[in-house]
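Per TrEMBL, the feature domain 'WW' maps to 19-53. Sequence annotations record features per position, and here TrEMBL assigns coiled coil to 65-92. Summarising the annotation, TrEMBL assigns region 'Disordered' to 93-112, 173-199. Here TrEMBL flags 101-112, 173-197 as compositional bias 'Basic and acidic residues'.
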């Protein structure tokens, strides 16, 4: 009902709220929740709503539909008619009041009897319903428990099946991984062996080439040195012979003997110096072979190095350069030849000294070039040895070896 727009129908609501219970209807309470319900002791009918609510509800709908079609007088007449209908519904017309009073007492006694019987029946029915409910609940509980056990068994079977499948797949994957890992390791080992073989072959070929070049260069230097040595020895012998002849012609036999003794002593001293210088030069040249492997060092450090770098012309040149002044002074003081002859001899000695100095520079230049070449050879051998050692040392680290091979 619209409280603002349907004020003219409020009388129906007021009548409905004030309406008494019809005849034989009594309010009752439930035994468990004590809720109010209405019971007709004559017919046995029961309802939660007031027995007159349906009547007033229909009356409201009827007046609501016809509110704009009739005037106010008709509405008043309708109210009177409604009151008569309500009175008839309630069974309270004036003509039958006394009769109703007698009937009411009889109905009250009958009502009490029926109420007791209904209460008893209600208790019995309630007990039966409760028992039936408990039995059904227990049966349902057992049924659900059995179903739950079946479901659990089925789920456990599925779980076991899934676990077996998972274990099988895991085992297959592990086998596949092991096979791939073994194949990868074999491939890596093959690559390492191939690389090692190639490195060894390359290193061996390089060593052979270097040995051949080294020996060829040493042979060339030996031949050049021996040739130069023979030339210097011949020149030295020739000059000594000429000097001896000049001294013999200039001085007498006594002076010649004394001078020769002095010259022999000087020559012996110079030869000792030459021997010491030769040993120092051999020691210095022995350091050129440092950095070679033991095989190359043992092959070329011995007599070949000694024969190559024994350059007595350098020591002779050095001795002549140091003692040139003494020789000139001795010749100038002892010689009775003219001044022009001494100048000529001095020029000859200067030419010899210059020629020996040029020869010495050539030999030093050849030795320097050979030392540079030996140093480069040592560096190359060290690089090959370091590379071979690095490849051999990486064999214990599997992951690092494989990455190194991929990078290569």
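The backbone N, Cα and C atoms fix where each Cβ goes, and this holds for glycine too.
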Q: Average the pLDDT scores across the domain 'WW' (19-53) and report the rounded value.
A: 82
Q) So, by DSSP, how many helix, strand and coil residues make up the region 'Disordered' (173-199)? A) 27 helix, 0 strand, 0 coil
Q: Summarise the domain 'WW' (19-53) by DSSP state, stating how many residues are helix, strand and coil.
A: 1 helix, 12 strand, 22 coil
